[in-house]
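Per Swiss-Prot, N(1)-(5-phospho-beta-D-ribosyl)glycinamide binding site is recorded for E22, L23, E82, D286, K357, R364, R365. Under the heading ATP binding site, Swiss-Prot lists R114, K155, S160, S161, G162, K163, G164, Q165, E195, G196, F197, V198, E203. Feature annotation from Swiss-Prot assigns domain 'ATP-grasp' to 119-308. For E267, E279, the entry in Swiss-Prot reads Mg(2+) binding site.
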Amino acid sequence: MSFLGTPYSNGATRAMLLGSGELGKEVAIELQRLGVEVIAVDRYANAPAMQVAHRSHVISMLDGEALSQLVQQEKPHFIIPEIEAIATETLQKLEQEGFNVVPTALATRLTMDREGIRRLAAETLKLPTSPYFFAETEAEYQQAVEQIGFPCVIKPVMSSSGKGQSVVRKADQVAVAWQYAQEGGRAGRGRVIVEGFVPFDYEITLLTVSAVDGIHFCAPIGHRQEDGDYRESWQPQVMSDALLEKSQHVAREVVKALGGYGLFGVELFIKGDEVYFSEVSPRPHDTGMVTLISQDMSEFALHVRAILGLPIGKITQYGPAASAVVLREGNSTDIRYGNLPAALAQIPGAQLRLFGKPEIAGRRRLGVALVRAENVELAIEQAKQVAAAVDVKF
């Protein structure tokens, strides 16, 4: 854009967030820093990003008619999807009408489910991936498992935060994994992907920025997953120059194919001298929350700069850093956090982000601890120490 306006004025620059969780909250804050009028949307009230937006709306974003009516009402200059469960056909129609969908409506459609992006990467771009089959019915699923063999990974084609994902290692786990995948899909029961298990040495998130001044890469981020969801992430992940170059090549090809401006979280498996494409999100990635302390520009700041057509320039990484999630289990609409002075005082320079989620029902990520240290291993342990010390009361 040639100019950025002032909120609530006739010339305001308006951005609509579709999805208002903790990642959307940080995007909203970065938009606010540049004077953008922020409209936060989600399926429930008082979502984290709504708490820092100029105004908010509660709708089902899978309801294409409701979504279209809201966009026509607000007339945002930028529509910024922050989750997968959105009526992507509606976004494509809105883009055709002249609305700016970030990064593109095509990218949102292809990445809203694992089938679109896997077919793009493996079949169109010919990038290395694990072997895979898609299944619509339980019979197709069982046949796919037989063809892939054990161990294999089962995922709903549309889910987030590890929901519905499992590793099947023997025959008596097959039926259970199917049911778990059906329960964990974002849109309810539906297709699954059956993947061959890659016995990787490690996995990384390569945050890749497509901006007016070209494609930029953050230092690779390592992470540990448990039950399909990340628990700790760290930057930089140590890897050879050759592997980093291969990783950047894969990420560049995927991002170029998806098009548009913004930050992309490209997930890759590293095995020996090989790099395998796993998934990509056309938006900030949960493992990238470590960049809130590890870089001069966080993934959220980079996303916003790219969206607004601002140059990225040089990304400065400060050295070994880690994040550890504050994960708790319970049921409450009155969540309180204690022992914060002690939690932070034990590690000089430690930081904490509490997401402000309005309720917990079961297991939920409520915050993240952030630490810089002399080495990655120490940063991970210290971040876990801070996260564990937070006293969450329901």
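Every residue, even glycine, has its Cβ placed from backbone N, Cα and C.
Given the structure is predicted, the values throughout are model-derived calculations rather than measurements.
Annotated features, which come from Swiss-Prot, shown on the structure.
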residue: E22; record: N(1)-(5-phospho-beta-D-ribosyl)glycinamide binding site; DSSP (3 states): helix
residue: E82; record: N(1)-(5-phospho-beta-D-ribosyl)glycinamide binding site; DSSP (3 states): coil
residue: R114; record: ATP binding site; DSSP (3 states): helix
residue: G164; record: ATP binding site; DSSP (3 states): coil
residue: F197; record: ATP binding site; DSSP (3 states): coil
residue: E203; record: ATP binding site; DSSP (3 states): strand
residue: E267; record: Mg(2+) binding site; DSSP (3 states): strand
residue: E279; record: Mg(2+) binding site; DSSP (3 states): strand
residue: R365; record: N(1)-(5-phospho-beta-D-ribosyl)glycinamide binding site; DSSP (3 states): strand
Average model confidence [pLDDT] within the domain 'ATP-grasp' (119-308): 95
Top Cα neighbour of R365 (N(1)-(5-phospho-beta-D-ribosyl)glycinamide binding site) in the set of binding-site residues G164, E195, F197, E203, E279: G164
Candidates R114, E203, D286, K357 (binding-site residues) with Cα within 10 Å of E267 (Mg(2+) binding site): E203
Nonlocal neighbours by CB distance (under 8 Å) for K357 (N(1)-(5-phospho-beta-D-ribosyl)glycinamide binding site), same chain, sequence gap 6 or more: G21, E22, A47, P48, I335, R364, L366
Between E195 (ATP binding site) and E279 (Mg(2+) binding site), the C-alpha gap once rounded to whole angstrom: 12
Inter-residue C-alpha distance, G164 (ATP binding site) and L23 (N(1)-(5-phospho-beta-D-ribosyl)glycinamide binding site) (nearest angstrom): 21
Pairwise Cα distance for F197 (ATP binding site)/E279 (Mg(2+) binding site) [Å, integer]: 14
Shortest C-alpha distance to R114 (ATP binding site) - which of the binding-site residues L23, E82, E279, D286: E279
DSSP-derived class (H/G/I helix, E/B strand, else coil) of K357 (N(1)-(5-phospho-beta-D-ribosyl)glycinamide binding site): coil
Distant-in-sequence Cβ neighbours of E203 (ATP binding site), under 8 Å, six or more positions away: G222, H223, Q225, E267, L268, F269, I270, S278
C-beta crowding around E267 (Mg(2+) binding site), within 10 angstroms: 19
Cβ-Cβ neighbours of G164 (ATP binding site) (radius 10 Å): 23
